[in-house]
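Taken from Swiss-Prot, the feature active site, proton donor/acceptor covers H266, and the record attributes it to similarity to another entry. The feature S-adenosyl-L-methionine binding site is assigned by Swiss-Prot to Y153, W170, E216, G246, D247, F248, R263, with sequence analysis given as support. Taken from Swiss-Prot, the feature substrate binding site applies to D267, Q317. What Swiss-Prot lists as compositional bias 'Gly residues' is 356-370. Marked as region 'Disordered' by Swiss-Prot: 354-387.
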Amino acid sequence: MHRGRSASARQERDFRALMDLAHGFMASQVLFAGCALRVFDAAALGPVDAAALARSSGLSPRGTRLLLDACAGLGLLRRRRGAGPRGPAYTNSPLASTFLVAGSPLSQRSLLLYLAGTTYLCWGHLADGVREGRSQYARAVGVDADDPFTAIYRSEAERLLFMRGLQETWSLCGGRVLTAFDLSPFRVICDLGGGSGALARMAARLYPGSEVTVFETPDVVAAARAHFPPPADEDGAEPRVRFLSGDFFRSPLPPADLYVLARVLHDWADAACVELLRRVRGALRPGGAVLLVESVLSPGGAGPTRTLLLSLTMLLQARGRERTEAEYRALTARAGFSRLRLRRPRGPYHAMMAARGGGAGARSDGGGGDATSQTGSGTGSEVGAQD
């Protein structure tokens with residue numbers, strides 16, 4: 001009898017765990033809908049009730065009440081005790097106040113909207129992606145493109161949403177990866193595929209003695225200049241960052257002491273990564289180095305779970321995968337770099353630095369591998385990016 005009861009209790013626990021996994025997409029959609037409908041922005045102004053929010057936002061009263069209750073159940077909102085004539089009132093939880101309100105310094109709203117409108121749709125075709133071994137943009141968003149960024153940047157609105165999402169990611173954890181190593185000896189820094197320039201501007205603030213350049217595609221550079229003006233520091237000065245446009249698989253790369261590749265290599269297969277690293281090494285000055293920012297798998301590739309899921313995202317949205325430290329060490333060595341070192345700052349990303357070295361791996365031409373065009377900033381769905 002005791003064994004039977006234990007087995008039954010274990011089965012109940014396993015079934016609950018199974019249902020939590022099966023229903024996980026529902027929780028994601030509650031989060032996404034709350035952001036899209038600006039529920040958390042409304043609650044930031046004061047307690048909200050379903051009837052008033054529905055009326056002011058043009059929503060159905062029934063749907064609004066159900067969504068607010070679900071947000072409260074997930075810990076995104078707090079349902080106040082007691083109910084007035086229009087039903088219960090809701091306020092933001094600390095999590096929502098910090099990460100889900102559009103005006104918060106650490107808001108991740110744009111990132112979540114990007115996940116909802118692109119990554120979530122691709123994940124609906126995971127079985128197809130596993131069968132075919134290729135991205136699922138054609139099924140998910142109707143764009144059948146060899147270059148993943150053609151799909152991500154399928155409209156100017158989507159381009160800006162993606163760039164804002166990356167900017168939000170770096171606002172949360174950019175400083176940690178940029179201070180994992182002391183970058184002050186590097187006087188000229190180039191952020192390859194640096195998007196809006198958020199990480200580059202952070203580097204310029206942290207290392208005021210360095211000149212920082214963002215190398216991006218022409219369309220991204222134009223969008224960065226038009227829509228992402230540099231914030232002034234406390235003394236009113238703007239961090240000095242310049243933008244150069246080009247294709248990092250084809251165009252000449254500017255000379256630098258340090259190249260930063262943040263969430264870039266995970267987009268690409270090994271051959272393209274080696275080709276890009278060789279191009280970077282060819283542009284580095286003597287004594288230079290490359291800083292890689294990635295979510296690194298544990299030895300053997302068995303975890304962490306979040307990084308394993310990100311690797312599937314790369315199957316569905318790009319051509320690459322997440323890798324172990326040993327795999328990054330092998331890639332950099334094939335490109336001629338030496339002494340790869342890994343640091344694990346608090347947060348979702350790891351920082352790796354490899355020295356330019358003096359071997360024969362450098363090559364300054366832009367062809368080879370399976371690289372056909374520049375990806376720009378990593379597709380990382382960072383996914384928030386929580387550990």
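Glycine residues also receive a Cβ, built from the backbone N, Cα and C atoms like all the rest.
What Swiss-Prot annotates, mapped onto the structure for a quick look.
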residue : record                               : DSSP class
Y153    : S-adenosyl-L-methionine binding site : coil
W170    : S-adenosyl-L-methionine binding site : helix
E216    : S-adenosyl-L-methionine binding site : strand
G246    : S-adenosyl-L-methionine binding site : coil
R263    : S-adenosyl-L-methionine binding site : coil
Q317    : substrate binding site               : helix
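Residue pair F248 (S-adenosyl-L-methionine binding site) / D267 (substrate binding site) shows a Cα separation of 14 Å. In this structure, the binding-site residues under consideration are E216, D247, D267, and the one with the smallest number of other Cβ atoms within 10 Å of its Cβ is D247.
Ranked by Cα separation from G246 (S-adenosyl-L-methionine binding site), the recorded positions H266, D267, Q317 are led by D267. Residues within less than 8 Å, Cβ to Cβ, of W170 (S-adenosyl-L-methionine binding site) and separated from it by at least 6 positions along the same chain comprise A198, L199, M202, A262.
D267 (substrate binding site) sits 15 Å from D247 (S-adenosyl-L-methionine binding site), taking the C-alpha atoms as the reference points. The shortest Cα-Cα distance from H266 (active site, proton donor/acceptor) to any of the binding-site residues (Y153, E216, D247, Q317) is found for Q317. Taking only the Cα positions, the spacing between E216 (S-adenosyl-L-methionine binding site) and Q317 (substrate binding site) is 19 angstrom.
Spacing of D247 (S-adenosyl-L-methionine binding site) relative to Q317 (substrate binding site) is 20 Å (Cα to Cα, whole number).
Each of the binding-site residues Y153, F248 was scored by how many other Cβ atoms lie within 10 Å of its Cβ, and the smallest score goes to Y153. Counting in whole angstrom, Q317 (substrate binding site) lies 13 from R263 (S-adenosyl-L-methionine binding site) by their C-alpha atoms. Within 10 Å of the C-beta atom of G246 (S-adenosyl-L-methionine binding site) sit 17 other C-beta atoms, taking all shown protein chains into account.
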